[in-house]
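S.K.: This is the structure I want to talk about, given as structure tokens.
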Amino acid sequence: MQDKEKKIKVIVLGGPTGSGKSDLAVKLAEEIGGEIVNADSMQVYRRLDIGTAKPSAADLARVPHHLIDILDPNEDFTASDFRREATAAIADIERRGKRAIVVGGTGLYIRALLYGLVDSPTGDPELRRQFDDVPGEELLRRLSLVDPETAARLHPNDRVRLIRALEVYTQTGRPVSAFRSEHAFSDVHYQVLKMAIRVERQELYRRIDLRVEKMLEDGLVEEVRLLLAAGYGHELKALRSIGYKEITAYLAGEMTLDEAVTLIKRDTRRYAKRQMTWFGKENDIYWLEYPGSFATILGHVIEFLA
């Protein structure tokens, strides 16, 4: 393991969707000569702009961003892919004398970057396709029979992790939880300042509702319509994410727009709650109130970088 003094210093900014991570990250980057490394699993996809709440064109112009718009919607992107790409981006940023700020709410990606990945078998696309039409509740039920520990941590909407856990068990006869227990998750590959934004729950839910309404005003329905017209099917991981799957169902005549919006708000709130739970279990996190005292936050960052 590298000596602490020789490790690259990396700032990680996490928190639930709608907490203001992107805004804070841009402000910090401008102050410290930073560049942002995206750690949101959906913002890597081109054409998925409104529903993923990508940084605005103005913010992208203010500060360099990495790992945004790097894939087409029909391409797979795993935690392993993220770790490889983010590691390369951070090395490039450091080489140019800048500071990397990793920003996002996909906890699995952040953990993969900092601690590495569980040594489990590589993916099997053919095997995964067998689960494509299985409802989330049924995936969770099946997983609970063979890996109750992992099942207890997952939600029926978390199809990617449910399918991956079933895939690993099918391939090896061992639950993912067994592989996880063999990984200490203690060898941090960077010198890290981990920060996360804490928002009172009702305030967060209020922000989420407003954010969803703004997505509709900004053209989310048309964005999904164009994706479908371009040949990207509802079975794709990207179009099964929150916001896209509900609007796809609306466009297919399976629900009204009001019903779709209600589901988007509900599922986004549930996702934000799971994100808060995940970050709450992480060690050594510096919790922020934002909007709050930017000067205090900046001071903490500068002290870390000194």
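Glycine is treated like the rest: Cβ placed from N, Cα and C.
Feature table excerpt (Swiss-Prot):
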{"type": "BINDING", "residues": "GLY15, PRO16, THR17, GLY18, SER19, GLY20, LYS21, SER22", "note": "ATP binding site"}
{"type": "BINDING", "residues": "THR17, GLY18, SER19, GLY20, LYS21, SER22", "note": "substrate binding site"}
{"type": "REGION", "residues": "40-43", "note": "region 'Interaction with substrate tRNA'"}
{"type": "SITE", "residues": "THR106", "note": "site 'Interaction with substrate tRNA'"}
S.K.: By Cβ distance under 8 Å, which residues at least 6 away from the ends of the region 'Interaction with substrate tRNA' (40-43) in the same chain are close to it?
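M.R.: For the region 'Interaction with substrate tRNA' (40-43), the nonlocal Cβ contacts are 51-52, 54, 67-69, 77, 82, 103-106, 108-109, 238, 241.
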S.K.: Which numbers of helix, strand and coil residues does DSSP report for the region 'Interaction with substrate tRNA' (40-43)?
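M.R.: Computed counts for the region 'Interaction with substrate tRNA' (40-43) are 0 helix, 0 strand, 4 coil.
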S.K.: When you average the Cβ positions of THR17, GLY18, SER19, GLY20, LYS21, SER22 for the substrate site, which other residues in that chain have a Cβ within 8 Å of that mean position?
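M.R.: Result: GLY15, PRO16, ASP23, ALA53, GLY105, ILE197.
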S.K.: Quick check: with GLY15, PRO16, THR17, GLY18, SER19, GLY20, LYS21, SER22 left out, which same-chain residues have Cβ atoms within 8 Å of the centroid of the ATP site Cβ atoms?
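M.R.: Near the ATP site, beyond GLY15, PRO16, THR17, GLY18, SER19, GLY20, LYS21, SER22, sit GLY105, ILE197, VAL199.
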S.K.: Tell me, which binding-site residues from GLY15, PRO16, GLY18, SER19, LYS21, SER22 are within 10 Å of THR106 (site 'Interaction with substrate tRNA') if we use the C-alpha atoms?
M.R.: GLY15, PRO16
S.K.: Over the region 'Interaction with substrate tRNA' (40-43), what does the predicted model average in pLDDT?
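M.R.: Averaged over the region 'Interaction with substrate tRNA' (40-43), the predicted model reaches a pLDDT of 96.
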S.K.: Near the Cβ of SER22 (ATP binding site), how many other Cβ atoms are there if near means within 10 Å?
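M.R.: A count of 21.
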S.K.: Which residues in the same chain, at least 6 apart in sequence, have a Cβ under 8 Å from the Cβ of GLY20 (ATP binding site)?
M.R.: ILE197, VAL199, TYR290, PRO291
S.K.: Which number gives the other C-beta atoms within 10 angstroms of the C-beta of THR17 (ATP binding site), all protein chains shown included?
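M.R.: Excluding its own Cβ, the number within 10 Å is 20.
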